[in-house]
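Just below is one structure, and these are the notes that go with it.
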């Protein structure tokens, strides 16, 4: 795929000095020039792995399991007519296109089938790991998904929405603020740190065009600040995973050792030798995974699992929050909203969520978020479920993506032609209307092959399209 991939000579000389004895440079260079296998992760918030495998087989997709992620698969699929990203399964959130090695940090975070109430994803966009965490949390507790680059928060939200995540709170800060603003708040923290990207040449032949040793050192300084802040944000007894898609020891082992030197006995490295079969092929003496691309035929990657054994003194910070624009709904309001949602949409408000109001907008926040409200300014929290109007509530798209299952009484199955029309933003006139379904007025879920794809409104014998404009596609659909 990339026989002419650019690899600086100075970088190759550096790799020669850190390559483990059982590996060789010829294989390293050959693997960098080899095409990266495409991989996907099944989104178990929407579908079981077993049900997805049946759908994949029917489509002629060949899947082989990723050993470190029981929902991850390498995929061989004919994309000459329809790219994977334009398949109905992808658009309805049944799977996420995710590089196999990037599934490993989240698997390490949940290595022992842990259950966490509060998780921080420090550098979250575009959302592959965030949605993976949400699935392992089963949409319970709270997941704070932070992204420093404002331009990427929109993409992060789009992926969270598509995948049916409802326990997330999004923020847009430099990751270095969390230790001071939310000290010892999280049961688990993922720090997938910004890095020099030395492991990504199989995906991007120009990834190393601007590589210099001085830039590696500069990035490592930022990573040390980030890992300190992440450690401060972690509760005593909590677990942090530090990961990068780079190979240099300055950005990997040395960052972890910096944490140990800074906080001493409060830091414990936990071995990842049992994370998956043959993990020892990439294991360092500390128990980290330092993955060169030829070992598992994937991107270069680094993963460390770290436990915080004792509390540490939080940094002193000043912060100005401004007025919080939401108010908690009264018991009466909450009961009325829950009643109408049940009566009109056959949906129950989740027990671990609370209704909050901002002007006419109605939101559901995860209960586990409440201790953080007023401590950090979030750009988006939970899911928007309705807008209040004089005649009741107008339900929103996230009721379909995050709350509906497809088994609701007012969910109607579309044909493939109708589903294509729907994704192109057009109203549909369904051919197959169940005899017991009331038509003519009211809101209705639409689904395709059993998966919910949106929320519309009956207008006579047609369903008015309620797809948000940013989700409308115009061609090349399944």
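Even glycines carry a Cβ here, placed using N, Cα and C.
Per Swiss-Prot, active site, nucleophile is recorded for 245, and the stated evidence type is sequence analysis. Taking the Cβ of residue 245 (active site, nucleophile) as reference, residues of its chain lying under 8 Å away and at least six apart in sequence are, in sequence order, 101, 102, 195, 197, 198, 199, 200, 299, 300, 301, 302.
In this view, residue 129 (S-adenosyl-L-methionine binding site) is surrounded by 26 other Cβ atoms within 10 Å of its Cβ, with every protein chain counted. Marked as S-adenosyl-L-methionine binding site by Swiss-Prot on the basis of sequence analysis: 123, 124, 125, 126, 127, 128, 129, 147, 174, 192.
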Reduced to three states, what secondary structure does DSSP give residue 125 (S-adenosyl-L-methionine binding site)? coil
For residue 127 (S-adenosyl-L-methionine binding site), the nonlocal same-chain Cβ neighbours (under 8 Å, six or more residues apart) come out as 96, 145, 155, 156, 158, 159, 160, 163
What count of other C-beta atoms do you get within 10 angstroms of the C-beta of residue 174 (S-adenosyl-L-methionine binding site), across all chains shown? 13
